[in-house]
Every structure is written in C-alpha cells, then in structure tokens.
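J.: Pulled the feature table from TrEMBL, pasting it below:
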| type | residues | note |
| --- | --- | --- |
| BINDING | GLY109, TRP110, ALA111, GLY112, THR113, GLY114, LYS115, ASN116 | ATP binding site |
| DOMAIN | 279-336 | domain 'Torsin-1A C-terminal' |
| SIGNAL | 1-24 | signal peptide |
Amino acid sequence: MRLDPRLGGAAALRLLLAAHVVAAFEPITVGIAIGAASALTGYLSYKDLYCRFAECCRSERPLNASALKQDLEEKLFGQHLATEVILKALTGFKNNKNPKKPLTLSLHGWAGTGKNFVSQIVAENLHPKGLKSNFVHLFVSTLHFPHEQHIKLYQDQLQRWIRGNVSACAGSVFIFDEMDKLHPGVIDAIKPFLDYYEQIDGVSYRKAIFIFLSNAGGDLITKTALDFWRAGRKREDIQLKDLEAVLSVGVFNNKHSGLWHSGLIDRNLIDYFIPFLPLEYRHVKMCVRAEMKARGSAIDEDIITRVAEEMTFFPKDEKIYSDKGCKTVQSRLDFY
C-alpha cells in the first residue's frame, strides 16, 4: 500500500535531512536514515540514494569524453601529444567492458610541463572528487618510499595497499609521482597487478588505472623538440612515434628513472610512454593568463608579458624553452 504522498513526502524530507546531517559521522547511521527515506518515497534505490550523501565507487560509470577533451584542450598548453594520447587511451579503456589488463600510462618531461596537472584532470574526470577521492591514490617517492634499505618493506606495503583498494573499488586510480627518485626495484612489486591476469587471489585489477610521472627522459624529449625547431618544423609536427620508442629504451637504461631494467618495460606492461614537450615563451604567457583567470583577476596583458619575461630560457644561445616550464607562474604572479 502506497503512503499518502503528503505524509510520505514530509517524512521522507525529514529523514533525508537527517541523513545529510549524519553523513559526517558514520556510514551505518547514514544507511539506516537513507534506507528509511527510500522505503517511504519508493522512488530511488538504496544505492542511488546512499550515493547522494557518500562517495561511491562507480567503475561502470561511462567517461564523459567531451568533458575530458575540453579540459585538456582548454587547460593544458603546448602538449598536443599528451592531449591526443591521453584522450584516446582513456576513452578506449573506459569504453571497453572487458579490458585484458589495467591501463598503465607513463608521463615524461621536465618539471612544469603539465604532468601533475594532467593527472589531476584525469582523476577529476574519472572520480568527481578528483585527488580528494577515496578511490584516487597518490604516491610521492620521496615521501612514501624514502629509504633504500627498506625496499622490501615498501614492496609489501604497496602490494597490500593496492590489493585492498582495488578490492574496494575496481576502478581505482594510482598515481606515482617523482618516479625518477624512486629506488630501483620498488615499482616491480606491482608488476603482477599490471599483467594480463584475469584475477589474482580472487581480485581482478583489469579496470584499475596506473599513472607514472617522471622527469626522466626530459633530455631526450628536448633534443627531439630542438631538432624539429632547428629544421624549421613546427612542434605540432612531432608525433608519438618520434619519441615513444626512444623514451622507453632511455628510461629502461636510466638508473635514475625508477624503471631501470624494470619488468614493467620488459614485459610491455606500460601501455603508453607519453612525452611532455618543453614549453616556449608563448605557452608561459598562456599559463599566466589562465592563472589570472582562475584567480578572478582582470586579464592584464602587460603583467602577463612581465611575468613571462622574468622566466629563464634555454638553450643558452636560442633561449627557446622555459627551464621551469610553468612551475613558478603562481608564485611570480603573487608579486603583481
């Protein structure tokens, strides 16, 4: 028998308000309140209603490719390769209902070129709370794995952490920053999770995403960009095939890459090596303009030019690329 809509609606409203208040305390209380509200209204499932008040893992939630494309094109400057590859990789992976392995991306380039920024964009498009989500996990090498003598401990901890979080949410995202400062061998602990296994100890890792961020290979990327510039060719003419093989070999043989002689490369478990090109003067100006807009400040082209001109550029003779990318734009803009 359906309740009188006037009584049911009022009661449901009170219960929903109560659920909103108790959301800050603990999930069982929230569940009781939401369950009662759902029973009274009859309009929403328990899960749908619960997820309005608490973060839920929605691994099957489709990726809004248009929103991701817009974010990358409007917020990331001078990185046509990263924009193209990340959009295609994520769209293809999320559209595949039965992937054979997790998606693994390795982002390379000098500091300030946009690697961390892109990982933030990706996280926000996969989980609404982005880096604050319970299902997005950020590891920083110098913070989480600082001591070489504890490599075995780090490997065990890493395996337990990933196993536990993928068990809770199949679509978990794991970001490893400062890979070039990671002690050799640590990252190989996660090799089984990145491989083509249907399950490991009853857990499937096939819908998880792993992202590595590294400065390693920045010199190789810059050399290619400079070769194109000196040949009178546009940076937009650089294709992934011009860099990906060079990057994978260079990183594999680099003792300070975090992937030195790694089984992840040996077994071809990294799906894409994504180069981030060094940024030019015009890209720095774009970064300054975007930061002013984000702060709600009036766009002042004179200030934009002055901030950009304060940056230092290399090589010594040509002075084409910003040696810090856009990394110090925020702090420099504080002076104006």
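Note: Cβ is positioned from N, Cα and C throughout, glycine not excepted.
Annotations in TrEMBL come from automatic prediction, not curation.
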J.: If you count the other Cβ atoms within 10 Å of each Cβ, which of the binding-site residues TRP110, GLY112, GLY114 comes out on top?
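T.: Answer returned by the neighbour count: GLY114.
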J.: Write out, in the order they occur in the sequence, the residues of the chain not among GLY109, TRP110, ALA111, GLY112, THR113, GLY114, LYS115, ASN116 that have a C-beta within 8 Å of the mean position of the C-beta atoms of the recorded ATP site.
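T.: Near the ATP site, the remaining chain residues are PHE117, ASN215, PHE276, GLY325, LYS327.
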J.: Applying a 10 Å Cβ distance cut-off over all chains shown, what neighbour count does LYS115 (ATP binding site) have?
T.: 25
J.: Which has the fewest other CB atoms in a 10 Å radius around its CB: THR113, ASN116, the listed binding-site residues?
T.: ASN116
J.: Let me make sure I understand the structure: which of the binding-site residues listed (GLY109, ALA111) has the fewest other Cβ atoms within 10 A of its Cβ?
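T.: Each of the binding-site residues GLY109, ALA111 was scored; lowest Cβ tally within 10 Å is ALA111.
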